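As recorded in TrEMBL:
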type    : residues                                  : note
BINDING : 214-218, His277, Arg326, 382-386, 410-415 : ATP binding site
DOMAIN  : 96-183                                    : domain 'Phosphagen kinase N-terminal'
DOMAIN  : 211-457                                   : domain 'Phosphagen kinase C-terminal'
Amino acid sequence: MGFMVGKGKGTMPWVDQINLRMHSIRRMVAPVGVVASVAVLVGLDSYSRRAEGSKISAKSSSQGEGIQALTALSVVGVGGVALCEGWGSRKSTKRIFKYSADDDYPYFSKWHRTLMRKHLTPKVYKQLQPLRTSNGFTINDVIACGTTCGYSVPRGMGCMAGDYESYSLFAPFFSPIIKEYHDFSPTSRHTTDLNPSHLKSVKDLDPNSEYVLSTRIRVARSIRGLPFPAASSRAARRKVESLARSCTETLKGDLQGMYMPLNDMDNDVNDDLIQRHICFDNPDEWSITARLGQDWPDARGVYINCQDLDETPDFVVWVNEEDHLRIMCLRKGGDIFAVFEKLVRGVNAMEKQMKEQGYQFLHDEHLGYVVGCPTNLGTGMRASMHVKLIKLAKLPGFIDLCNRMGLDVRGKHGEKDTRQSGIFDISNRHRLGFSEVELIQLMIDGVSYLIELEKKLEAGEEIDLEKEFNKV
Ligand code: ADP
Ligand code: MG
């Protein structure tokens, strides 16, 4: 069928029926209340004019009090109706079935271990439950990906913003999460530094190409004024795609290439691009519950800086995956400076073109580049290297050591890949509160240190990761 009739949020049909009736009654009462109060006010006005002319007697003053009481009653009535309907407030106006925050509070099992679960206290939920952003995003939409499958997917957040406004409207929820994940306070300011010449160390980490297979830097960008993918309509998503297409069409020289919409793409071509790390994967249960997979594959696509799929692009733009845009540069080997330099040129060219079309990337003094997933706020940047660490990865405490150094460890095929192939995607864990240059430097230094340890193990040395852990 392809559609489903909504039954409302309640489990008891008679409760839904009562709610529905109450709503219809309120709807009927609203215009009657308005008409009645206008009539009373007009009546009061003409009465007082007449009374003024005939000098009001003691008798007529008691009539006046009656009229005042009537007026007050109708004002209260209209006010009540207005409140019920949510006029002039941010309160939900569209939900017919309203339940108390206590009854509506999510169920959390012992496997729900996300930051969302930790910070969505009943008090915060109660405060935020009636609110919705101008794109209609509610706290229930924010937490959907964490309540539905927070126990089965290895994602630590369990929440997603639907638009820029989500971060301010739902601040009692997002601020502690941002504080805990990024160690970044609500009064801190984020700094951006996209100047490759500011990198301190650009030495080749792996001159004989034994350990570092490839290097990639991606940045996430939102377009100001458009809802993020989780709250996007089809039209808004298509708008993002058309802006992305017209920006990429103007790229010249070594950035020039072609846009490939997913709508027209054969499955085998798509699979091949995914395997080659050029295209994003199809949505999984997590992205579908976060509403990132709506209408897939409509308005999704990939731009590559070549004209033939047999060539290997090194500049790529993803459109409408988890963010409006993910702009990246990826190359074999470990030449991080070349990768960063090309990425920055591409990002700047896209930004310039975006401005010429009357749009801009969404940037905020506090949060830096603002995007849907709180982990990506700030730089929106993940700088990664695929590194062969066969011996080191077998030692218990390997992941803890990396995390301690501010590094994230993923499988060779990205965040969904949990296989231990011996080749790992090592990247900067933080994105907010540090500049791009600082985070890339941290990744280079960390990878360099891990390679040193791997070499020691290969040479037969014993390594105590507990001691290494305390050193960093
Ligand atoms: P992100 O969320 O940062 O875009 P994912 O973990 O979802 O990253 O991975 C997206 C794709 O990018 C995957 O195919 C992954 O293997 C690839 N990728 C990430 N880092 C590198 C790298 N250093 N070299 C090659 N491919 C990479
Ligand atoms: Mg990803």
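A Cβ is built for glycine as well, from the same backbone N, Cα and C atoms used for every other residue.
Everything TrEMBL records as a feature, shown here on the structure.
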{"residue": "Ser214", "record": "ATP binding site", "Cβ contacts under 8 Å, 6 or more apart": "His277, Leu330, Arg331, Lys332, Gly333, Met385, His386"}
{"residue": "Ile217", "record": "ATP binding site", "Cβ contacts under 8 Å, 6 or more apart": "Met328, Cys329, Leu330, Ile336, Val339, Phe340, Leu343, Met381, Arg382, Ala383, Ser384, Ile440"}
{"residue": "Arg326", "record": "ATP binding site", "Cβ contacts under 8 Å, 6 or more apart": "Arg218, Val219, Ala220, Arg221, Phe280, Val317, Trp318"}
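Annotation note: His413 (ATP binding site) sits in a coil segment as assigned by DSSP. Its Cβ taken as reference, Ser384 (ATP binding site) is surrounded by 24 other Cβ atoms within 10 Å in the chains shown. Per DSSP, the secondary structure of the domain 'Phosphagen kinase N-terminal' (96-183) breaks down as 43 helix, 1 strand, 44 coil. Around the Cβ of Arg410 (ATP binding site), a 10 Å sphere holds 18 further Cβ atoms from the protein chains shown.
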